[in-house]
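Engineer: My structure is below; once you've seen it, I'll send some questions.
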């Protein structure tokens, strides 16, 4: 049965359940006369069958929108949470699918950087918004813990359970601390199998780590045991969170352009290192003097070798022949662009020819640049210097870390029937938005009623259950994408996870802080913020400063999830810390 059929089935259940129903409450009242038994008065309450005291005749629930079903029973609310949660899952799925179709037509840029990240966080934002809008300030204060549970639960689940699962399904064999695409001969070896990402994924993780700043600001008065500045701290955190949201969207808009510029620069550096290595090889390792300085005589002889027509200048065609002969097989090199950049580096006279003195001066400059990154390789080893080879390996690795140019393509071509795809994308986005807006409030009410019926704090229900509904489609697509076992797909997968967490921290937190400030609610979520910070410190340290993740790192992520839940319970409900 497809998702559409399930949707119709659930809507039918809602409509059927919304008809008014009446029942007689059964009580344990004794018979007025004591002589006649009605078959009820002798029934005793069995406490081990009750999750809370019996519901009184006056106790009732309020229907959402005046017609959607509600209940005060445990099983009834559990059923409603499942139904409404599934509808929120459908909303997230439609938003995700519509975003992908729109991205297919319009590419990254403004659409991919501005609108799509917000749409991905829309279900969470809707749930957080309605959790603090209901009824009086006292009611909102009790229900707002649902929003905080969702915010913390989504962040923790993405960075622990989903992150660790992507490591497992995307693992490849590690060679020299780099994952080899498509290989998996090491099985579940904790050190010799894992995942590698590009440097842009590290940047995404660092941005994610920075986005935790509003949490620190709003928590500062409680850390200082101050009560006077809490409302002001919420306002300052809200302003900073909104500024970070705008900054992140601007970065997302320009990130493809930045990535292409960085990749082009890395390619040029790779060409430089390749030419130096090629010249060193043809000079029989005598490109440098005994004291490590460029040997100008050898460089001039190499110039004469490259200058095929011996006219005293290297033309673009002669430089192209040099670059072609080097064979940069590991990168997708535009030879004409490489030639133009070499000429721009060497040709100081601007006559589109590289004269002998310009060639010597340019090669000398390149050698000195390579020496700056040489380190221990600057020392002579059996009469040779290794810093040129080291420089070449560094540039090769830098290019690999930046990823392929396919990731930064902004123009999407060869899309069949773009008008129909655009209409379909807009309809999917509208449907997802409407479902999220319509069923967010009933879901929050169901969670609150379930919490009252079971005496389980609503925070824990929303921490565990709601992220499964709002992040399931994102989690499944991330795991499927990671299973392709390539560095590029792994980079995209983890970048999406870090981006989702960042959007939680800037968009969803902005909504939450706005509710707290506008409605005058109390910020008493110290333990929740502490858990978020612990997860950020551990996972952020992994993600921000390394590009290879051995299989053992997933165990750290998996341990963090139950640890986070247990820590909140101990701090809030054992020590009463808020």
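Just so you know, glycine gets a Cβ as well, placed from its N, Cα and C.
Caution: TrEMBL annotation is automatic and unverified by curators.
So TrEMBL has the following annotated:
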- 1-23: signal peptide (SIGNAL)
- 74-97: transmembrane segment (TRANSMEM)
- 109-130: transmembrane segment (TRANSMEM)
- 150-170: transmembrane segment (TRANSMEM)
- 200-220: transmembrane segment (TRANSMEM)
- 232-254: transmembrane segment (TRANSMEM)
- 294-329: domain 'EF-hand' (DOMAIN)
- 334-369: domain 'EF-hand' (DOMAIN)
- 421-440: transmembrane segment (TRANSMEM)
- 460-482: transmembrane segment (TRANSMEM)
- 494-517: transmembrane segment (TRANSMEM)
- 529-549: transmembrane segment (TRANSMEM)
- 556-575: transmembrane segment (TRANSMEM)
Engineer: Of the listed stretches (74-97, 150-170, 200-220, 232-254, 556-575), which one yields the highest count of Cβ-Cβ distances below 8 Å with the transmembrane segment (460-482)?
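Structural biologist: Top-ranked stretch among 74-97, 150-170, 200-220, 232-254, 556-575: 150-170.
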Engineer: Considering only Cβ pairs within less than 8 angstroms, which of the stretches 150-170, 200-220, 232-254, 421-440, 556-575 has the most against the transmembrane segment (74-97)?
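Structural biologist: Answer, by Cβ pair count: 421-440.
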Engineer: Which stretch from 200-220, 232-254, 529-549 shares the most C-beta pairs under 8 Å with the transmembrane segment (150-170)?
Structural biologist: 529-549
Engineer: Treating G and I as helix alongside H, and B as strand alongside E, what does DSSP give for the domain 'EF-hand' (334-369) in helix, strand and coil?
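Structural biologist: Computed counts for the domain 'EF-hand' (334-369) are 26 helix, 2 strand, 8 coil.
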Engineer: Counting by DSSP, what is the helix, strand and coil composition of the domain 'EF-hand' (294-329)?
Structural biologist: 22 helix, 3 strand, 11 coil
Engineer: Averaged over the whole of the domain 'EF-hand' (334-369), what is the pLDDT?
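Structural biologist: Residues in the domain 'EF-hand' (334-369) carry a mean pLDDT of 81 in this prediction.
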